[in-house]
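Summarising the annotation, TrEMBL assigns transmembrane segment to 26-47, 53-72, 93-117, 129-146, 229-250, 271-295, 315-333, 354-379, 502-524, 536-557.
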Amino acid sequence: MEKAGGYPSVGGSYPQKNAEILSSQYGINLFLAGLLLTFAWAVHAVGISKSHLLSYLITLMLIQLLWMLWYLCRSCTQRRLIRDKDTHAGACWLKCGITLFAVITLILDSFKIGYYIDFSNCLSPAEGIFPVTHAVHTILQVYFLWCHAKDIIQSFKTLERFGVIHSVFTNLLLWTNGVLTESKHQLNEHKERLITLGFGNITIVLDDHAPQCNCTTTTLCSIFSQGIYYLYPFNIEYHILASTMLYVLWKNIGREVEHHQQHKTPFKFHGITVGMIFGLIVLTSTIAIVVVYLIQIGRSKIKSELALTMFYSHAIFVLALMCAAGIVALLIYRLEDRSLDNSKNPARKLDAELLVGTAAGSWLLSWGSILAIICAQAHPKYTWYNLPYSVLVIIEKYIQNLFIIESIHREQEKVNDDIKTLRIVTISRGSTLSLTPSYKEVYNGRADNGEVPCLFKGSTCGRENDGDAKEELSQDKSSVMHSASDFSFYNRNSVTNNKRRILKNIAAFLFLCNLSLWIPPAFGCRPEYDNGLEEIVFGFEPWIIVVNLAMPFSIFYRMHSAASLFEVNCKT
């Protein structure tokens, strides 16, 4: 009987576990095939053109569109059914963020359509079909994530696993395609700067994928071709955010959740003025530094060195401030005695893994720079700024990851509204509790009706028994003791509120700092390219490969950290 009772539950989990394994392997193979096709196009492999890559991506998007339409139709027919929801997944601010990136992605698609129209004589039809399909895919996917990102799917689980994982890796391939296209553009610009600066000891061949025909409208072609690359950073962030939200949906398929009300934590500007002011100063100064850097770099050797020195000085100052803020936050956590929430939460687990995983990209670049400085024979003056910059990048990410991961795992503090009005609770002879007027009223010796307040029930109320003076005196002392304990509780609560205010300001400051540090690499301000020291030590092509592999993870880390810190600010 024991076997009969135990086997069904164990055996019942096997098909779902197998479906999870099979669907994940399907997604990985889908991704590897697309990755190899992308690589073949990037290195100009014989027989592989851009149209082949785009055709593959179009096919994947069409399959995902069919699956999403089927899911949406099935959801409409089952609207009356009560479904489980993961309250931690698909936060409102995350949906707003992905919507913003999606809108800019649609602008990018419109630029690509305009670019195709101008060069239609020599471009393949796939280059015109791709942006149209991508625009439709973007609109439907954002709608799908708004409506169903929190779903915990309990029906057609095997089919849904394949549909969701297909969507995850489709977005990852679109992300890879965007990263590669943007990296090739950045690399070409870097090579042109090297040519201007007269680096004759480096073999420079521009990787040109430009159309082999003339544009019908020269001005529009220039606007479209230049505008596309300024919009790619938003397209890249859109696809990586979509893939993470879909991955959480995939992990939630068939999951059993506890039914409890999740406490909502709306974002409030109240109490974070200091953090916002300092953060906005950093953001404004970073934008100014990036503009000056992009104007000066490559103009001449002196101007390039000044631009690099300016960039490193500013980054060192900002990173030092972020390290100090993170250390203060961790010290406050060490002084508090609060338990951690270790309940199963796919969204929170993914956040922590992405923070550590994507930080490895920056760490790789930083250790490469440190090694280059140690091994280089000649050290121009501006390269010495690279050493503290690289060290601080490693330390800052280490501290920030600790702060964010601990913050998202800490249980929320429940604030009792009764704290706002302190009441003295006393115990009578009969061991019954009586709630008296506020301490201010007791101190003034009157209640709301103008009479002496009644502190105790029964025979202890009033002053009719004048002979029982000793008992009344002891009760007065007891009342004073309770009042003192309430004052100490009020002081402890005041200290807790001050700590929370400091933590919220730190989270707001780090949020804006991470947005600031996302801007330079996303828009072409990359000293890892322009420094020159690493290219001399490691060789031009090996170092460029390292930068192109690590930089996308470094860029994503900053945006993901900003999103996580926004959540920390809401939760604190």
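Easy rule for this one: first residue shown is 1, then count along the chain.
Using the three backbone atoms N, Cα and C, a Cβ is placed for every residue, glycine included.
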Mind checking which residues reach the transmembrane segment (315-333)? Cβ under 8 Å, same chain, six or more beyond either end.
278, 282, 286, 385, 388-389, 392-393, 395-396, 399-400, 402-403, 406, 410, 499, 502-503, 506-507, 509-510, 513, 516-517
Ranked first among 26-47, 93-117, 502-524, 536-557 for CB pairs under 8 angstroms with the transmembrane segment (271-295):
502-524
Tertiary contacts of the transmembrane segment (93-117) (same chain, 6+ residues out, Cβ under 8 Å):
123, 127-128, 130-132, 134-135, 138-139, 141-142, 145-146, 149, 216, 220-221, 224-225, 227-228, 231-232, 234-235, 237-238, 241-242, 245, 267, 563, 566-567, 570
Tally Cβ pairs under 8 Å between the transmembrane segment (354-379) and each listed stretch (26-47, 53-72, 129-146, 229-250, 536-557), then give the stretch with the top tally.
536-557
Give residue numbers and ranges for long-range contacts of the transmembrane segment (129-146): same chain, 6 or more residues beyond its ends, CB-CB under 8 A.
54, 57-58, 61-62, 64-65, 68-69, 71-72, 90, 95, 98-99, 102, 105-106, 109-110, 112-113, 116, 167, 174, 238, 242, 245-246
Do at least three CB pairs under 8 A connect the transmembrane segment (26-47) and the transmembrane segment (53-72), leaving out pairs fewer than 6 apart in sequence?
yes
Report, as numbers and ranges, which residues of the same chain sit near the transmembrane segment (26-47): CB under 8 Å and 6 or more residues beyond its ends.
53, 56-57, 60, 162, 165-166, 168-170, 172-173, 176-177, 180, 184
